[in-house]
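Undergrad: For reference, TrEMBL lists these features for the protein:
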type	residues	note
REGION	1-30	region 'Disordered'
COMPBIAS	12-27	compositional bias 'Acidic residues'
DOMAIN	27-90	domain 'Ubiquinol-cytochrome C reductase hinge'
DISULFID	36-80	disulfide bond
DISULFID	52-66	disulfide bond
């Protein structure tokens, strides 16, 4: 409790400024991932993943999981990102 009070009373304003600067930065890879998820191939693999998740979620006892569908989606998305991201790297 005493430590928390000291932290509140002795908080450094520099830390708050640094945190605000970090919040303004946007990771270009995340932006590319969102754009790539909208292309036709990624949409198709995302639909297959969602169908699998719905199928598995509707069953009470199943050994099936959606690992294959998840890997297919991630592979398609990352393949798209790899081709677009490295053109924008300085």
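Glycine is treated like the rest: Cβ placed from N, Cα and C.
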Undergrad: Given residue 52 (disulfide bond) and residue 36 (disulfide bond), what distance in Å do their CA atoms have, once rounded to a whole number?
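TA: One finds 21 Å between the Cα atoms of these residues.
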Undergrad: Could you measure between residue 36 (disulfide bond) and residue 66 (disulfide bond) for me? Cα positions, answer in whole angstrom.
TA: 21
